[in-house]
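> Under the heading transmembrane segment, TrEMBL lists 28-47, 53-76, 96-115, 135-153, 165-185, 197-220, 232-258, 278-302, 314-335, 341-362, 383-401, 407-426.
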Amino acid sequence: MSQSSSPFGQDTLAADNVERSLGMPGTFALWLGANVVVTTILTGMLLVPDLSFQHAMLLVLIGSAVGIIPLVLIGLMGQQTGMTTMVLARGTFGRLGAMFPAWVNLFALIAWSWIQALLAGMSLDYAVSSLTGYSNVALFTVLCEALVVMITLRGHLGIEKAEKLAAVLMLLLSGVVVFALARNYDLPSITDMEATGALGAGVAFDIIIATAFSWIPLAADYNRHCRSPKAAVIGTWAGYVTATLIAMGLGATVSALSVSIGFPQTYDPTQLLSSFGFGLPAALVIFFSVLTTNVMCVYSATLSYMSVRTQSPFWKPALIIGVISVLGSLIPGILDQFQTFLLIIGSVFIPAFSLMIVDYFLVDRDRYTPKHLITDAATLPAINPQALGCYVVGAVLAYYWNWVAPLSFGASLPVFVLTGTLYFVISKLSRRQQKARA
């Protein structure tokens, strides 16, 4: 639907006449701009010096290349059907069952938005303080989130434009950072650093996988606007993997250098980068990168709410979620729980999206139509007991392998594969029994 007649986006859950506004370059830019962001840089900082630089980057390459596959598949579901992620969940979990992942996704994205809003406020505060001496993180956090809401209210077209700009800025930033580091420090020396071993390779790999999995709930919300399956698959995969290599590589590099020169590690990237002489431009670009990512979070949180409260106009929940994000970003010590937050998201969503992928691609794609999931949604079964049971098994395994008896190689992939396999086997056995009775 065109947005030209209103200052607000007219985005709805309807799959008919969905605007196919994303080609291959646009899809690549969307996911590049989304993931070259401070939180991904911070994840790279977590890896070094616990792991050697080479080991960390190998894990980043493999983990992002593999971890993005479920996101690509959910995005492809959106492209083929024109439906959002949480509407598609109705096909797997049932009319009422789908409300659970929708509410969880809503709260997870709001929490994610808290982190993004605070980082944007910190970056803008640093930039303003560098120029004027005035500092007020809380004020700048509120201003940043106000801008996020303004962009979000324009709908997906406004977000796509912002992401294209962010992608260009992120590539420029990467070039500037590498150039500045090479001029002022001995970059090759970071490859000679000994690993401390505090963070095991399995846990590190799991964090990288969880980073990719944390984006899955947003996949169909945006990729339903892709013009072709090719754009949805290749554009998303290439954009995300490129972004992860750039962002985590930058984080690992800066972390290694900071340790080698005796600079304390910090969760405020602008403070760290300022020691290299370009804190102000870094702060500005970090501000824009976090801003665009936060916009994506608020937008998808809005669509999740609309999938539960189907009569709600787009702008109302977008505005309310923006206000909640401001309040949450002021919670003291929120960044200290960033790593745990990633693992919690993975534990909740990995089994859910494993079930959706198996159900759509291997079990029963026919029921994933706009007529079935939107027009006639009231006639859907309340829940899918098989999917719900498999989800509980997957969630329990994720909890057990993450916090009770952690696996040396991480829990994300085992939970994803086992949950999907269990559901596939149960679904096939159930159909055989139904045919035998008939």
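Numbering starts at 1 and runs along the chain as displayed.
Any Cβ shown, glycine's included, is placed from N, Cα and C.
Because TrEMBL annotations are produced automatically, they should be read as predictions rather than curated entries.
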> Please report, as numbers and ranges, the same-chain residues at least 6 past the borders of the transmembrane segment (96-115) whose CB is under 8 Å from any CB of it.
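Contacts of the transmembrane segment (96-115) (Cβ under 8 Å, skipping residues fewer than 6 from its ends): 39, 85-87, 89-90, 145, 148, 214, 217-218, 294, 297-298, 300-301, 304-305, 307-308, 321, 324-325, 328-329, 331, 334-335, 338, 341, 345, 348-349, 352, 382-384, 387-388.
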> For the transmembrane segment (278-302), which recorded stretch in the set 28-47, 197-220, 407-426 gives the largest number of Cβ pairs separated by under 8 Å?
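Going through each listed stretch, the top one turns out to be 28-47.
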> How about the transmembrane segment (383-401) with the transmembrane segment (314-335) - do they touch, taking at least 3 C-beta pairs under 8 Å (6 or more apart in sequence) as contact?
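When sequence-distant Cβ pairs are counted, the transmembrane segment (314-335) does not touch the transmembrane segment (383-401), since fewer than 3 lie under 8 Å.
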> Against the transmembrane segment (135-153), which of these stretches has the most C-beta pairs under 8 Å: 53-76, 197-220, 314-335?
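Maximum Cβ contact count belongs to 314-335.
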> Go through 28-47, 53-76, 232-258, 314-335 and flag the stretch with the largest number of C-beta pairs under 8 Å relative to the transmembrane segment (197-220).
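Checked against 28-47, 53-76, 232-258, 314-335; highest Cβ contact count belongs to 53-76.
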> When each of 28-47, 232-258, 314-335 is checked against the transmembrane segment (53-76) for Cβ pairs under 8 Å, which one has the most?
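It is 232-258 that shares the most Cβ pairs under 8 Å with the transmembrane segment (53-76).
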